[in-house]
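Asker: Here's a structure for you.
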């Protein structure tokens, strides 16, 4: 509560806003609270002597989830702390040693001196003060005539063009370590130091008039070089000519003018700021733009607005004692911050006049800081809990998984994304077919590079680029491949080969092809352009393409038709389970691993998913990933157990039958993640001898199975839900879908800038009130040229028939 301060229960040490403290007292009977409040006032120009020290006891306060820059030099602060005794609201100002028992005084002092949990999270990322290198003053530079061009750099020992370091002794340009600075490298800069002993290197792309990033191989840490200007001038680099853009990017990062960084962020245009409900920005907490972009899109959807913001009073009333650990409470809080308009207010007219008269601009303190939301939603996840950049598509699926596991009210908002995919697999030799259905939330479109309409321009550009690199000249203006959307849609609908297909008709492996169609069309269609792929060296790459995404999309022709007259089904026979003498020799389908890795999941997690689902294909393995994303060892390397363990526990993942025929939890979790009820998952697995693929077929072929309930399981399900009091009872046994016509209209898209999902920046564009709006972290402005052709994830809503 930015006005009422923060109330901390002295028994549980949980913090509450002013509007929730009474309810907490009535609910728990706890009567002693510590009230913390900060008084902020603008400094009086020219005042002296009376200014309060800034950030006095700043660490006392949990972040209040507003992004105001209260550390600005324009403000001064006074922090107030006192004890409140309920129910009479008796106040005791602190410090007060005379009136308070020693135990209470000790508890208050400990709390007031404690570091905010958010500060603890960020302590690892704080920058330490750099020390001057012992080599800077006496550094010897070779007079070898090397001059560094302003662009076109690449490692002199490989072809990498990122994470490049200039050795300040001989002018060698070499790549750094893999992931050393969020980007790739082969460690050639370190190898060069070991061979030559030349100690200092500066990272290219970080040079500005204020300095540069310098690393000392000998001292094994980043350092300061007080003579950096002189050392760079030796190689023809003038620091004063190196400029930084508003986004922290250097000139060499944004050239040429068609850079996606400029186009996507609409740089160089005077964008009009937007204010009010639905136009609230979100603070970037350090590579958290992927979260900001996804949540802006999510809370532009009415179903999510109703489920969380519309039910906010009810969610708060039934929230647990520790609301920081409740998903629905955190979603409702975030949604209210984005949609209420309280944190998106235009400046007062008097403030604008004052700024014009003083010829200065003071940033408006608008927007929210989703620290608590990010802390909860990423807890235990090896990737999202870090400060590294992540894949927005992967986070979207992670969010949907949490929504599925934490239902609120009678309406599950994730239903609007869910659809059924019909997969038709045909044995090329027997010509027999098998039809299966699976649940999905995203339509993944491949990039049809071969269909580019400007191939001649691309060939000419590639020749000019190579010539410029060889001559160390500035690179030519970028030519981006133009791909028709129709070609991508055609590539999606074409048959694909099935690796290691086992034909039940032949009782042997054979060639097989698979086609996918929509068994149902969702209310909201999410389309991902598969721009990220892997090279032969497994290094992730991004396809820099322009696709003419339509405002209106009709995919009715992709409706599934089921078994056709004249088609003969493959026999319902499962492939034999072969447990090798040496379990470590078990084959893992690398093609399925590659498909999952291209979606942005960690490589080791993909290998485990394929292994534990018995090489049944990427789709089944994908569902395993969704069900296990939050496990602490999700991205740890696959450890294949010993043979005895396989027979007792590990074999369950391969479809082996337990002594009591109780389905393994691994398989139950996979089916539940598809939207089915737990009792139905258990019933299907028991009916098919714990064969996962046949269990899914059984579910779709038994629309009205007999009810089979296990009281122990029902109790466990209720206990696992934080908001058990407001869970809705659903009678449906199959996945909840909202089928309808396949005609859609575009209302939003998320764009990515950068070379891979591990780096770069995300921006969201949404169509609201008849115009496009750009959400670039805290900046929310009316869009002038929405770059619909450069998006990564697109959001369409169904057009009513």
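The backbone N, Cα and C atoms fix where each Cβ goes, and this holds for glycine too.
Note that TrEMBL annotation is computational and uncurated.
According to TrEMBL:
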- 289: active site, nucleophile (ACT_SITE)
- 761: active site, proton acceptor (ACT_SITE)
- 155, 158, 175, 188: Zn(2+) binding site (BINDING)
- 131-239: domain 'UBP-type' (DOMAIN)
- 280-799: domain 'USP' (DOMAIN)
- 587-628: domain 'UBA' (DOMAIN)
- 662-702: domain 'UBA' (DOMAIN)
Asker: In angstrom units, rounded to an integer, how far apart are the Cα atoms of residue 158 (Zn(2+) binding site) and residue 761 (active site, proton acceptor)?
Answerer: 26
Asker: What is the pLDDT of the domain 'UBA' (587-628) when averaged and given as a whole number?
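Answerer: Across the domain 'UBA' (587-628), the average pLDDT comes out at 81.
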Asker: Which of the recorded positions 155, 188, 761 has its Cα closest in space to the Cα of residue 289 (active site, nucleophile)?
Answerer: 761
Asker: Tell me the residue counts in helix, strand and coil for the domain 'UBA' (587-628), as DSSP assigns them.
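Answerer: Breakdown, helix to coil: 30 helix, 0 strand, 12 coil.
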Asker: I'm trying to understand the geometry here, so how far is the Cα atom of residue 155 (Zn(2+) binding site) from the Cα atom of the residue listed as 'active site, proton acceptor', in Å to the nearest whole number?
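Answerer: Here the two Cα atoms are 24 Å apart.
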Asker: Measuring Cα to Cα, tell me the gap between residue 761 (active site, proton acceptor) and residue 188 (Zn(2+) binding site) in whole angstrom.
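Answerer: For residue 761 (active site, proton acceptor) versus residue 188 (Zn(2+) binding site), the Cα atoms are 27 Å apart.
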Asker: Inside 10 Å of the Cβ of residue 175 (Zn(2+) binding site), count up the other Cβ atoms and send me the figure.
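Answerer: The answer is 27 other Cβ atoms.
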Asker: Which one of these binding-site residues, 155, 158, has the sparsest Cβ neighbourhood, judged by other Cβ atoms within 10 angstroms?
Answerer: 158
Asker: Suppose we draw a 10 Å sphere around the Cβ of residue 188 (Zn(2+) binding site). How many other Cβ atoms does it contain, all chains included?
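Answerer: Excluding its own Cβ, the number within 10 Å is 21.
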Asker: Tally every other Cβ atom lying within 10 Å of the Cβ atom of residue 761 (active site, proton acceptor).
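Answerer: I count 23 other Cβ atoms within 10 Å of it.
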Asker: Which numbers of helix, strand and coil residues does DSSP report for the domain 'UBP-type' (131-239)?
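Answerer: Going by DSSP assignments, the domain 'UBP-type' (131-239) contains 16 helix, 21 strand, 72 coil.
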